[in-house]
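Shown next, in structure tokens, is the structure this report addresses.
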Amino acid sequence: LAAGGTPPPPRSGLVYGFGDNSHGAVGQPAPAADVYVPTPVPSLPSSVDAVAAGHYHSLAVSSAGEVWAWGRNEEGQLGRGLQAPRNTWSNPEQVRGLENVQVRAVSASGVVSAAIGCDGSLWVWGRSKRGQLGLGKDIVEATMPSRVEALAGYDVVKVSFGWGHAMALTKDGGLFGWGFSENGRLGDMGQSTEAPSPQEYVGKTKDNYSSSMLEAVEKMVADKIRSEDNMPIIWEPSLVHEVTHLDVSDVSCGLDHSLILGCEYFFSPTKLKLLCALAMHNVSAVLIYLSLKVVVFNKT
């Protein structure tokens, strides 16, 4: 997320990769585990306009609007179809299912990939039990690109992924969020107004220390299972109402928080730039003015 001037238009070129190649994300054939010098990724078109790096896989958009993917495919994030082996593919291949879509941008999380068409459509594929696909209730997997129908009719210009959540920005400045909503990373969406009841754990005496430790571990496992079963999830893109008074121009998702860049519609003719951080500890939004004025919106 950057501010302070208009970035230069992207230029076409070759793709170079470096770093950990144990999952094939750098695009070099095994046994190249670590690549210390930027090295051209083979088998890609000679002219590439955009790239995106997920946790263990990579995406590229050719000048012809085609999407290419390589790296980890355990969650189907390479878009190679239901029958494709769920293993590592260090050799880039074109993503299937987007032949009729002219793609202009791509984005990736650890388990999900996304493409934005020149027509503003958003396409996703991969697997996420936290709703990061945004395809509807309880849809956790798409082995080939699927259109996010909840955003049909909107001109999506950017999508960003965090850990379990996602946000999309439309051409008219609309901000949509979906996925795992805990800690306010999607604003106030999916947040309960009631605090959870505290769970009491009664310890054992020293004589029963081993038994107590075993029960503590069992309780931790049980609590983890319950938390997985009751995750707060927004299954489809929903408007982030806390920032509808802003003209949003950029968005970026972190591990468990989100950032946007925007202008207040009502503030002044110059539309003073501000940074809005959505995120943690029950804070829905923090508006940080560049004039150093801070306004905080808290949950009540």
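Quick reminder: no glycine exception, Cβ is built from N, Cα and C everywhere.
Annotation comment: TrEMBL describes 13-64 (among others) as repeat 'RCC1'.
The feature domain 'RCC1-like' is assigned by TrEMBL to 15-261.
As annotated by TrEMBL, repeat 'RCC1' applies to 65-119 (among others).
Marked as repeat 'RCC1' by TrEMBL: 120-172 (among others).
Marked as repeat 'RCC1' by TrEMBL: 173-264 (among others).
Residues or ranges marked as transmembrane segment by TrEMBL: 272-292.
Secondary structure of the repeat 'RCC1' (65-119), assigned with DSSP and counted as helix (H, G, I), strand (E, B) and coil, comes to 0 helix, 23 strand, 32 coil. Summarised by DSSP class, the composition of the repeat 'RCC1' (13-64) is 0 helix, 25 strand, 27 coil.
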